[in-house]
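Enquirer: Below: one structure in structure tokens.
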Amino acid sequence: MNISTLRLDSNPITTATATHRNGILGCNGTYSCRFNQFQQRKKTPSVIVCSTKPLASVVDHQGVNESGLSRIESLSQVSGVLGCQWGDEGKGKLVDILAKHFDIVARCQGGANAGHTIYNSEGKKFALHLVPSGILNEETLCVIGNGVVVHLPGLFKEIDGLEANGVSCQGRILVSDRAHLLFDFHQEIDGLREAELAKSFIGTTKRGIGPCYSSKVIRNGLRVSDLRHMDIFPQKLDLLLSDAAARFPGFKYGPDMLREEVERYKKFAERLEPFVADTVHFMNDAISQKKKILVEGGQATMLDIDFGTYPFVTSSSPSAGGICTGLGIAPRVVGDLVGVVKAYTTRVGSGPFPTEIMDKGGDLLRFAGQEFGTTTGRPRRCGWLDIVALRFCCQINGFASLNLTKLDVLSDLPEIQLGVTYRHPDGSALNSFPSDLRLLEQIKVEYEVLPGWKSDISSIRKYTDLPKAAREYVERIEELIGVPIHYIGIGPGRDALIYK
């Protein structure tokens, strides 16, 4: 398929260039030409795509006030959106809103365990797991970086679902040739591993993320680039499957499984080829051409393999450092990072949760906020906002600003608590977020109690129009962590955002 430019309604945009055996290249076989075409909005399009609905980007632009537009446009060339808690903070919505002002939105780590829920201009809900949230913005190119583990059946299912709902993906998604392939058997092993751990289970999404990263680290994993060499693909896959069978007696492997998988992946390879690219070269080329790049983090810092509540963590680095290793870009080019944090705290699965509300209050938050996992559907544990953990996340990532989400969920509460200090059993204060899980189980949390506002704030769009108690809550968080809150979510829709 050779498409040079597309036009949606009255706005010309560019999309896929000529496909090539080595990925999506520009008109002269280089990645740089790809960007030149992507930005040529005034040239006559060769293909017209008609739409009966208004452009989401136009609707969004009209919904952003002057101060909001100024906030967005002031973000650095390479910016990022990262989670500040244990995931599910609402990162996808902010990425979706910001994407219109960026040329590229990129995923750098994780896999289909990252569930991002976003809504289009008509209020239709999209649950994405691998495809970057910028896909709903027609002029945005989406990149799945080398640090992501890719389950091809899941990726194709997402693409098919988007296409069926009028969202064009062809020529708008690049998949790194260095990304590792996540197979169905990785998911099976994930379940066997949880059963093996019995009572000490980690509570994974069972999407095969950990086993796939394990294959990567012990160096017998397969990468997207291996799909270009189907002559030796069966031998590599046989080695991987044999290793899994040796490690897990419950995993049954035989010649039929290998034969079936090879046939499946021959078809997958053919379908994936137009999306494959050397994204490391692509991203650095984009940076040198001053293209604006938005990095979308999956999961969150408190699930980081190094900085999270280990071992109750994910298998990648959803912190600032994961941006560089997961995309192949230099630390010096990474600019503003926006941390996304709920106005309260949630967590899915096992692991320490110091500010968890164990009584009916937790249930009230869960149902008011519809706290059920995008990926698993599991009910999330709920608690008060943990300032100690949030300050730790801000320290690690160096956030320029924060997006406080779901402030509207707290509207019916007579009073709201903030967990401001951790104390040892003897009453002495901890100076930092501890790595010791036993200590985390023993600590006592000291709370500040603030008044609630007992009024619906979901239709408010100006910060000064918020109830005084709501503003005091926001400003107290800023005082405690020392990072400004620039975005406040007061509902799930794209327009339900206050720019502060």
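Every residue, even glycine, has its Cβ placed from backbone N, Cα and C.
From Swiss-Prot, for reference:
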BINDING   87-93, 115-117, Arg380, 406-408, 489-491  GTP binding site
BINDING   Asp88, Gly115  Mg(2+) binding site
BINDING   Asp88, Glu89, Gly90, Lys91, Asn113, Ala114, Gly115, His116, Thr205, Arg219, Gln299, Thr314, Arg378  IMP binding site
ACT_SITE  Asp88  active site, proton acceptor
ACT_SITE  His116  active site, proton donor
BINDING   Thr374, Thr375, Thr376, Gly377, Arg378, Pro379, Arg380  substrate binding site
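Each of these features: where is it, how hidden is it, and who are its neighbours?
Expert: Around the Cβ of Gly115 (Mg(2+) binding site), 21 further Cβ atoms fall within 10 Å across all displayed protein chains.
Under the three-state DSSP scheme, Asp88 (Mg(2+) binding site) falls in the coil class.
Under DSSP, Asn113 (IMP binding site) is assigned to coil, being neither helix nor strand in the three-state scheme. For Asn113 (IMP binding site), the count of additional Cβ atoms within 10 Å of its Cβ stands at 28 [all protein chains shown].
Within the same chain, residues at least 6 positions away in sequence whose Cβ sits under 8 Å from that of Arg378 (IMP binding site) are Val348, Gly349, Phe372.
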Enquirer: Using C-alpha atoms, which one of the recorded positions Asn113, His116, Gly377, Arg380 comes nearest to Gly90 (GTP binding site)?
Expert: His116
Enquirer: In this structure, which of the binding-site residues Gly87, Gly90, Pro379 has the fewest other Cβ atoms within 10 Å of its Cβ?
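Expert: Each of the binding-site residues Gly87, Gly90, Pro379 was scored by Cβ atoms within 10 Å; lowest is Pro379.
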Enquirer: About how far apart, in whole Å, are the alpha carbons (Cα) of Asn113 (IMP binding site) and Pro379 (substrate binding site)?
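Expert: Each residue's Cα considered, Asn113 (IMP binding site) and Pro379 (substrate binding site) end up 15 Å apart.
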Enquirer: Three states by DSSP: which one describes Pro379 (substrate binding site)?
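Expert: The residue in question, Pro379 (substrate binding site), is strand (DSSP, three-state).
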